Amino acid sequence: MDRWLCAALVGFAVTFTFSKPMPISQWLLLATLVAICAWRSAFIRRYAVVLGCVLCGIGWGSGNAYLHQMTLISDENFGTTSTLLMKVTEITQVKPDFWRVQGKVTSINRNILARPATVRLSWYEPPQQMIPPQAGTTWQFQARLKAAQGVRNDGGFLYHRYLVGQQIHALGSIRSGAYVVGQANYRQRVSNRLAEFADELQQFGILQALTLGERQALTAEQWRIYQRTGLAHLIAISGLHLTLVAAGVLWIARHVLRYRARSRQRREINNSWLWATFIALSITCCYAALAGFATATVRAFVMFAVVILHKYYALHTPPSRVLLRAVFVVLIAHPLAPLQSGFWLSVVAVATILWMHWRWPIIRGRWRGLRALWRLELTLTLAMWPLTALWFDGLPVLAPLTNLVVVPMVTFWVLPLSLISLVLVILGASTSALWLFTLAEVPLNTLEPLLRYLADAPWQWLSASLTGAASNLLWLLLAWFFPWRWWWKVASTALFCFVLLVSDELHQQDTQIQFHVLDVDQGSAMVIAHADEAIIIDTGANWELGGNMAERVILPFLKHHQLTPVLGFVSHTDNDHQGGVAALTDQFPRMRWFGSGHGLPCVAGQTGTWKQISWQVLYPRRVTNNDHNDDSCVLKFMINGTSILIPGDITKRGERALLAHVAPIRADVLVLAHHGSNSSSEGYFLQAVGPKLAIASRGRNNAYGMVAESVKQRLSQLNIPLLDTAIGGQISMTFTPQQWWVEQPWTGANRAWFDADN
């Protein structure tokens, strides 16, 4: 049977390489051809079942991909305010001036959808007297919808993949809303009771995350501390928490049942082990239900249930096969789980534990429990090092030590007391519950100063560049842990070192210069990179509620490419151009800045040379505050004989001024002024520039209608191709002394179906 499961998983995995889901008609045609071949060929007939399992895997993967991509919300509903009827399923964030809700939309503008669509909505500055929507209630919202997409850049968080993994079909912002019908579900009512303790508990956010899986009460500082110390997995109900609950219930249930049946004969009749496992499974299911059956919780519960059922039926199965079956069942329950990092971290963690039991004997002697726990933490950290570095651009050095201290503390103190307190809250014993919660948070309060110190210590965090080197060393050492013959180990080590040396030599000989237009939604941010240094032009926006595009996009991009910026330009004072300056200045205090009140002002005639790149300021002709669009700093770069014109937010008036002063605006590449607004890019200006390529930096479904249709028509009439960050993400141009070319590395046209950008 396991061979069939492997075949089905292979077929399922293949579907994640498809550029678009395989239509059912094609899948049926393929199945028919295989059936005919199996009937005519004895060789194929022998493997007909395996081929059938592969086809089943392809069918399951393609079918779920097709269902997710099926058009539930038409494009005409995007970018306009629509009337939504939504049943709220989750409140992901509640702040005084910001709410975020998620739910099932059943109708849009009174048109019933073919099936409910999962939509995530943000409500900025909601009415002060209004109570936030409750999970389980139905609301009518006036909301502006947009496609379930995010920014796409090297090194950044691929939000669109996260949305696909969560099966979210659209995003939106609420203009107004009204309660329609329904009452809060049971989990929401428990959460409301728990929220009464928010002002009484210093670690309320952590305790709420441990008991209900809700992280909306966590502060940004708490999340940063736990992430930078390698403890983020503790503040989300996962396999670790479910396993701890199950183990505790199993131990208590077995001892209670054994105590009640004192004689051996009665114990055999009562079968205490089977009853204990059934009780543990039931309690764990209730715990998962309190967590809202979130994807990570369901994944952990399914894996635990598979293991328990193997024990229940006394199946003597190798652990690796149990893992295979658990993964198979998880993918049946959540077919899009492979798009989430948590799925792979869980699988790698379980596989590492199984590998440890196979590779190393059980520790005996004094302190064996502590030694085994230390070895487990160290091995898990090393095994997940590459994945952690890949997804989080770094790794906390002391993660094994902090986990060794904090995990037992949470296991044997914080989590049990918190769950008992939650039960008391449900039973209405609020006073006793508060007392136990206060007791549960004592070790968290005690350790918080130390964890904050470690989170702030620069030596404690390995950046992406150092992590890459450490990951190479880790993969090199892994060969010596496998039971191969010594010459295989030596040969694999030599081959790995040769590949590293060759790739490093090729990197050192690289003379290419790259110009990147980053996807920062409705804003502007560009990077010119050569070797390990860079120039930054504009920095994207920041938000009143916290955060900015520099932290979200530019800094991860620089870390990914191991770049240090030395020079920066800000073309305009608008937030969408200069919002990330402060974050970049904090990170790189030695950067020199030009424009918009940052460093030297931009004035026509300024020139400079950096490596093989020359730049000049064409406009404005006098020092300004850059408050108006036509005060924008117009820049022209020359890279290996190819020119790039960046006109900021100038309008037709600014374009005419450039032409009147006979500025050298002719360029090979033009970044459209004002994100492609109709107020700019007149035909005469485009003819004067004569670009071979135009680039638009803007947000998808933006409220301003950019890029304007009139601008697109003018570009088309002049045979100027247009690339758009809103469709395809980051745009990268590469320059050599002989030629230059352009690509969009994250466009859906080049990637799998879950990266579709239309």
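Note: Cβ is positioned from N, Cα and C throughout, glycine not excepted.
Since the structure is predicted, the reported quantities are computational estimates derived from the model, not experimental observations.
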With TrEMBL as the source, identify the stretch among 15-35, 372-392 annotated transmembrane segment.
372-392
Expected hit for transmembrane segment in TrEMBL across 41-60, 441-460, 461-480 is 461-480
Interface present between the transmembrane segment (231-253) and the transmembrane segment (343-360) (three or more C-beta pairs under 8 A)
yes
Outside the transmembrane segment (231-253), at least 6 residues beyond either end, the same-chain residues with a Cβ under 8 Å of its Cβ set are 206, 209-210, 212-213, 215, 218, 222-223, 272, 275-277, 279-281, 283-284, 287-288, 291, 294, 296-297, 299-301, 303-304, 308, 342, 345-346, 349-350, 399, 402-403, 406-407, 410-411, 415-416, 419, 451
So if I exclude everything within five residues of the ends of the transmembrane segment (412-440), which remaining residues of that chain have a CB under 8 angstroms from its CBs? That is, six or more out.
190, 193-194, 196-197, 200-201, 207, 210-212, 241, 244-245, 248, 287, 290
Averaging the per-residue pLDDT over the domain 'Metallo-beta-lactamase' (522-700), what integer do you get?
90
